[in-house]
């Protein structure tokens, strides 16, 4: 099975389901049950989608310092262990543990005193060398590494007297011993050096004191050393003593706002939300169920006011159900808490499909209610709601009923421009957005427009074929005179073709006047009599010489031939794959009327010896189930009757039109068409205006058909022309109809 066969079979199943309403009386119970099932399924789907929180996944993952592209609100209460806060607490505990040192006072002090004695003894020896010059002694003092003397201090030492030097030696050892008893770390070495001048005895003169201070400072060494292992162990113990820190997010708490620079704490909260799974608690379900109930109530109430016929149109209901569920699923996946996908979400495509398959008013209502739904889903993202709603509204205005393919392209361009304008209006001057993010948003804006046009165009053809919905593009294609069926009518039944053109013009004017689908009416009228091409010479308008083949047939056979043009028309329509909606015009333009002329003739010929079965002379129906098919029935009846009876004045024409239409109202033949009395009055006025110009007293009839013959068949037709004389059989189709009723007005259904 190829793709085309699959879609064809699926479409057939849908058509049979949606056409099944006639199996019950009037189909109304079937329609109500099916409508309620669809409404219930939509409500359950909406509750499930709204209550089910999708895992956020990587959509919320940011790096510290990055700009948040949208506001994130905690959808429910969430408690998690914070690694950031825990690490901070542990770091604080570790930092409270000071560096650990090993204080080795005694051994280091003794070692330094001994080193000082040796160095001082060496200095004394150098001072006592008499055979060496001052320069030599100076160099020798500088060479003593332990003392670290500079040239100036060395010269100063050599200039001291022996008594002064003896005092210096004693003072150096004394002060060094005192200093080295203190804890000296590498970091406090300068402090130890600075303490020396205060410890030197004031009994020394200035020169001796300076030398003593310099020598002690040079001999001081650290006696307390950093113990890295003990410090690390104590700090590790302190860190381990800190318990994990937890963070609790309250439902509705703002985690980060659009445009904020993410902090480590916010990044961690977003990461926790990204792992959040659905929690089907009772109140979540109740809350969303109440919202869905309100949403559906308001939506249906407004739709009932904006487009009353939608409540009886199962096909349109099913289509709206399908696209609404698809767009709800897409909204759940794309719109909620995602940095870029919300800018691509093609709500405008949904609006376009609703407009072209239903009406612009239906689309506008659905856009408004979808905006309410988006506000419920995105309570903190007004920019996105406005972004989607404005683009969708403008797209609907551009597309309308999509009578041309380029309307979809222009709609996509309009959506892109609208999206860009909304972003500028809401976010300019974009200070909180990086250049990369701005470029990405611009790309998404353009992609949204292109995606809108593409999805709308694809959906237009796929859904149109799947649900067998007649679209303006298809109707324009079917209205071309080059269509094979219309060519057959023209070539095989020129009189029928002329009659069809008159009926289509008459019906189209009436449909436009009452707000029905004028294009559908015109095309339906083109095809309503295509069955006559099978036996064209059995119908009055195609007979040019005045002779009738029915003169050689019995009434029942003649009636069956006349009736068969409906079945023949349906067969041709199915052969050429005409939409079911067009086939309805073929089935319903005679309804369940009686071929009264031949029925009365059969009764006369039976001479009461045989009972004539009325059902043998009745059309299979059904009666008109839409305003459009009812208009074609009335136009067909009135045009044929006026053509046959040739009223001599406007008053007579008006009387005839009123009588024909009123009889169908009284008989219940229009009960299921949804035509109002106001509509019927408008139709009468339009018919009068048009027919007065077409069939005036000076009209010439086809050669071979007398005025008398055209007038006479009208007598058996539901009382029309009751004041006229009995007729011959040339104009039988004028009087084929008799009142019938009791068929529900639904979308196109198989008879």
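One-based numbering along the chain as shown.
Cβ coordinates come from backbone N, Cα and C, glycine included.
Automated prediction, rather than curation, is the source of TrEMBL annotations.
Here the structure is a predicted model, which means the values were calculated and not measured.
What TrEMBL lists as transmembrane segment is 29-52, 285-304, 316-335, 347-376, 407-430, 442-463. Marked as domain 'HD' by TrEMBL: 496-641. Under the heading region 'Disordered', TrEMBL lists 703-751. Taken from TrEMBL, the feature compositional bias 'Polar residues' covers 706-720. Per TrEMBL, compositional bias 'Basic and acidic residues' is recorded for 722-739.
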In the domain 'HD' (496-641), how many residues does DSSP put in helix, strand and coil? 103 helix, 2 strand, 41 coil
Grab the same-chain neighbours of the transmembrane segment (347-376) for me: Cβ-Cβ under 8 Å, and only residues 6 or more beyond its ends, written as numbers and ranges. 50, 291, 295, 298-299, 302-303, 306-307, 310, 316, 319-320, 323-324, 327-328, 331, 335, 382, 384-385, 388-389, 391-397, 399-402, 408, 411, 415, 448, 451-453, 455-456, 459-460, 463-464, 467, 469, 471-472
Summarise the model confidence on the domain 'HD' (496-641) as a single mean pLDDT, whole number. 89
Which residues of the same chain, at least 6 past either end of the transmembrane segment (407-430), have a Cβ under 8 Å from a Cβ in it? 343, 348, 352, 382-383, 386-387, 390-392, 394-395, 398-400, 438, 441-442, 445-446, 448-450, 452-454, 456-457, 460
